[in-house]
């Protein structure tokens, strides 16, 4: 179903730059790109590019390379699931609430332009509170600066995190329910790890170590959608997650003097971070209403994206361009990664840093982060769900909540909602590259034994 568009507010098609004709398949596009996208999806067309898959797509050249045009349609946010498979006129009305909110806002802006006689670019609408300042660069106190980056690679760190060792995870051969079964429901004997936080507000056992504070979580305020408020309450504190992971990594070091290889240590950090993410999902509204099979299907689809987003948001808060902050609190300079981690991992880290800069410029806040996390979990791209309608409803509500929040709190940046969704496209691309890297390491027998991430990769392929 297409929605009308007010031509007074000039906007150009994000695919080719032609004049926008309305809302088509998830966003504002021109009539030509609407028809092209619809025909491509309904006819299941497969294109090839005779160049380097980077052809310029504009109004005059949009028909020269259908491959690059279709890829750009997907990149800017046109949705495959919005196209009807029965070839009837009109798309699937999945985005109606979002369209209506966006259209109402544009009507309001148009009225304000006429009343005040100025362009939108000169400032936020009258009566709207000024946007919050960009998040400050997060700096560790001098006493908490982690050991020199080389310590992570060449030997045990000298700081409070110096007793790292490979955690002894109770990993047995995956049973018929896959590697996630024991995390979601401990009744399955192949996994013995249970929820670290069985109640929404329960704290994990505190491990010894210095305090590690991040900005206080947002506790509420005017015009914050209820869904986002609920997600903020479910989001674990960073210092609690750090303390639990550090404790898990230190535990086996008490009984062994040798130190694990740096890459093995990073894999175990990722394992423990993912366990925290699974725990968050288990307590998440809607998710806990799904059958176990659907829960595992969703997590197997998005586990790598959730890990990437977790890392990205930590760097946005950290605020440094020449180093990264690990979940354990250690700082690692990018120059160290370049020298000792290999070219593949270095290129992956640099690509992630580009997204960090982009999100920092967009002033990504905690409210938007928890909403993006929820959107990744409830992806509409997942097939073979028993309760697809519940997942679809969760996705639509999260989209609407994020749109409402960005329009209300960042009125000076009218396309922030769309920009955030485009960042999710890059998160997915990064996650694909990360999985390829892990599988490359696995084929070279460089992955630690009983690694949960490799089990997730293998479960996805079976």
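Placement of Cβ uses the backbone N, Cα and C atoms for every residue, glycine included.
Straight from Swiss-Prot, the features:
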ZN_FING   13-33  zinc finger
MOD_RES   34  N6-acetyllysine
MOD_RES   38  N6-acetyllysine
ZN_FING   49-73  zinc finger
MOD_RES   72  N6-acetyllysine
COMPBIAS  126-139  compositional bias 'Pro residues'
MOD_RES   203  phosphoserine
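Under 8 Å from some Cβ of the zinc finger (49-73) lie the Cβ atoms of residues 15-18, 29, 32-33, 36-37, 40, all in the same chain and six or more residues away from its ends. The Cβ neighbour count for residue 38 (N6-acetyllysine), using a 10 Å radius and every protein chain shown, is 19. Within 10 Å of the C-beta of residue 34 (N6-acetyllysine) we count 22 further C-beta atoms, all protein chains included.
Over the zinc finger (13-33) the predicted model carries a mean pLDDT of 89.
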